[in-house]
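*Asks:* Got a structure for you, written out below as structure tokens; questions coming shortly.
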Amino acid sequence: MKLVNETLASDGTYGTAPLSEEDVLAAIDSGRSEGGPSGQHWVLDPIDGTKGFLRGDQYAIALGLLDEGKVVLGVLACPNLPLSSLASHNLQDDQDKVGCLFYAQVGSGTYMQSLDGSTPIKVHVTDLDNPEEASFFESFEAAHSLHDLSSLIAKKLGVKAPPVRIDSQAKYGALSRGDGAIYLRFPHKGYREKIWDHAAGYLVVAEAGGVVSDAAGNPLDFSKGRYLDLHEGIIVTNQMLMPALLKAVKESLNEKVSSL
């Protein structure tokens, strides 16, 4: 409650009395929009990557704004993500700074700054065009994504580096600044992807020059309510690698079906 009221008090335009606990709970309960193609809707995941949060690993606070079914604003706060690239970050060095804020607005690019308020820098996805040199992200939890399918896709691409497995939409943030080249997510059968798990990260990557699609190459559609209707899974990469990635995904999915 103290943090809520201190934050509101710091805004000179807010002039009413401090909020009570009941006021805040009522405000939270009002967030029951079903989304859809009309109007504006805020999409919030207050702790994206719950298991990562509980382990003290990666998690994110993810906020997106939908306007007529399109994501127009995305913000990712990643308290445990190092400011330096994951590839160069020394996990044993306590001097390495952690805590990143990514934000993107349609047509304006993607920016990153430290959570303590450093000067924002514009970020861009990697310009890598050789899939054999790519590294890829996937979910830390095997229960969240089919690691064996991701491994098959990586093998077809000739990827030599092992996967980088981290929780939450922090993967989108890391990919937007070029830490890796590919993000693969293939949930188990019957799972429906929720828009709050991807809306903010989607725009952060897209405005950084990346491509986000389902496994068939279709753009993600955030206009259908709380869930994404997908073909199999979600793939994220840059423009140069997408054709080869789509081919490898299609071949791998066909092999998976034929082996059943």
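Cβ atoms here come from the backbone N, Cα and C positions, even for glycine.
Since we're looking at a predicted model, the values are computed, not measured.
Okay, so TrEMBL annotates it like this:
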BINDING   GLU21, ASP45, ILE47, ASP48, ASP197  Mg(2+) binding site
*Asks:* Let's check the environment of ASP197 (Mg(2+) binding site): how many other CB atoms sit within 10 Å of its CB?
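*Replies:* Total other Cβ atoms inside 10 Å, all chains included: 20.
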*Asks:* Please report the number of other Cβ atoms within 10 Å of the Cβ of ILE47 (Mg(2+) binding site).
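*Replies:* 13, counting other Cβ atoms within 10 Å of ILE47 (Mg(2+) binding site).
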